[in-house]
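What TrEMBL records for this protein:
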type	residues	note
REPEAT	1-29	repeat 'WD'
REPEAT	73-107	repeat 'WD'
REPEAT	114-147	repeat 'WD'
REPEAT	206-240	repeat 'WD'
REPEAT	248-289	repeat 'WD'
Amino acid sequence: MGSSVVLATAGYDHTIRFWEATSGICYRTLQYADSQVNKLEITADKTLIAAAGNPHIRLFEVNSNNPQPIISYDGHSSNVTSVGFQKDGKWMYTGSEDGTVKIWDLRAPGCQREYESRAAVNTVVLHPNQGELISGDQHGNIRVWDLTANACSCELVPEVGTAVRSLTVAMDGSLVVAANNSGTCYVWRAMRGSYLTTHFEPLHKLRAHQGYVLKCMLSPDVRQLATTSSDKTVKLWNLDGFTLDRTLAGHQRWVWDCVFSVDAAYLVTASSDCTARLWDLSTGDAIRIYSGHHKACVTCALNDSAIDGRDDS
């Protein structure tokens, strides 16, 4: 991982911490006074980081000593569980336990669009085509929101009444995976239909963990699926046959979040044990432990792409 790596973690101690990925040194701490931080996301150009709390979203500058958020988004009425950005950083999307998915234009105030899920939204992902948002909720519903048609184009319910905890879409748009509270991952092949609408073809049902699956993440090279769980482990699954490649053990409590490095060689995880860890996936070893949070660490964000936010080229 190169020098322009942005790695941040947050959780229940009301702080966002930035880390030197290789040394494990925390070089900047931001206070998030209002609530715990549920999710972090870094823009593609590495200039901004969004922190989703209860019920606000705050945007901070990455390469600055400014401790204050540069903008705050206040449209949700409950915990914000998901946050992400359109690839050019033009807009941000969020999901909340208030039952809505919202879109925010970063160049204008307020919320521009809102979609009603009718149940607490636990997870939202943006399809790489940038034209569809996919949400998963507490009642077990997965909905595809077509941003061109401005409507729900598809609805899936893999297990009625079992909360969908996490969704992930392959970088090439070929697969969608949903993880739920019963420890199962559902895998669909995503087919391109007419009018750029995604169709879902069931591919596999994976019994991933005995406990909850809290996060599922497809690797950037679409060769592996990572699952994190309340059973304190992280598992890496080979997408060619859905066999278990390895189990990452070491966290002492629930593992809430994970993110791959861009080359899929490393994984960062966040846990209720107050630490985040950097795993070398070729060995399965935790090669760095990020210690400094005083309460549960529930989210980690990593941008180690070749784009450098400090460079205007």
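Glycine is treated like the rest: Cβ placed from N, Cα and C.
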Please figure out which one of 73-107, 114-147, 206-240, 248-289 racks up the most CB pairs under 8 Å against the repeat 'WD' (1-29).
-> 248-289
Other than its close neighbours in sequence, what residues sit by the repeat 'WD' (114-147), given a CB gap under 8 Å and a spacing of at least six beyond its ends?
-> 75, 78, 81-82, 84, 86-87, 93-103, 153-173, 176, 178, 180, 190, 196-198
